[in-house]
Amino acid sequence: PSRLGGPWLLGLLARLLLWGSPGAWASYLRRSSSCMPIPHHMALCYDIGYSEMRIPNLLEHETMTEVIQQSSSWLPLLARECHPDARIFLCSLFAPICLDRLIYPCRSLCEAVKRSCAPVMACYGYPWPEILNCNKFPADHELCIAAVSVDENSSSRRMPRASCKDCELEEASTAREILESLCANDFAVKIRILRKNTTTTISDFDLDPSKVEVLKHGPLLRTEIPARLQQWLDIDATCAHNIMRGTHAGVFVVSGEVQSDKVVVNKAYAWQKRNRNLHQAVRRWKHHRCPEQAG
């Protein structure tokens, strides 16, 4: 390749140097295949860490037009941020790295991505496609592209996963409607969220513990709310990403429900000067009585 980059690619090349005779899944390329630059308008894989790919690819797409068309259908799933290695997995198939042999993704990589992303696809009525059947890919002891992220079973930090429910910033319509929403949810908190990075496929977010104002704690203990909200930021990357809208930091009023071992945010409002209805609702909340309290 004319340009190499990315820690996962360096790891792959290191394994190639140690590899002896090719195995069943490391067959030499067909003479009909060729190396081509990954085009800028192939959004799925452009700037993935290498600049050239094999055509036909590992999904038997014969032309670049077909590759671009088919790969673009996976962009909505990547936007859901269902797994940090989803892009690497898909690009290893749609835009295989241009080496002297075909390198498939490891079966464990496929299984990890499927475990996180298939439920999200099911939300929209799409099954995991047979063409991505993980049993077709080589076991980890063979030459293959392994997962980059730490395995979720051995990591103290849970893998980010998308939820089926879209989470967007709400418009602060009227103070009354906001108060009704706060009443309907288990908890309500004013918090500050910080983006930890902007270079990876999935952004990490931190809760500023010094900027947590509990409006309603519901079944939660006040002392446990910061940790529970940080857990929410860790596992529901899609919701946090949508709320932040590309900003590096922001203050929000969020409310939601408690579901067994996690909290789910249902409503989020940006705390800005122009949101007068939101400011009014928060001021009135201290003395507001919800319908069940009033009864």
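The backbone N, Cα and C atoms fix where each Cβ goes, glycine too.
TrEMBL labels come from automatic prediction, so no person has curated them.
Bear in mind that the values here come from a model prediction, so they are computed numbers and not experimental data.
Taken from TrEMBL, the feature signal peptide applies to 1-26.
Annotated domain 'FZ' per TrEMBL: 30-147, in sequence order. DSSP places the residues of the domain 'FZ' (30-147) in helix, strand and coil in these numbers: 46 helix, 13 strand, 59 coil.
In sequence order, I38, M53, S71, R87, L90, C91, F94, A95 are the residues of the chain that are 6 or more apart from C45 (disulfide bond) and have a CB within less than 8 Å of its CB. As annotated by TrEMBL, disulfide bond applies to C45-C91 (among others).
The disulfide bond feature in TrEMBL is assigned to C110-C134 (among others). Taking a C-beta cut-off of under 8 Å and a sequence gap of six or more, C110 (disulfide bond) has these contacts in its own chain: F89, L132, C134, F137.
For 164-290, the entry in TrEMBL reads domain 'NTR'.
Using a 10 Å Cβ-Cβ cutoff, C91 (disulfide bond) registers 25 neighbours.
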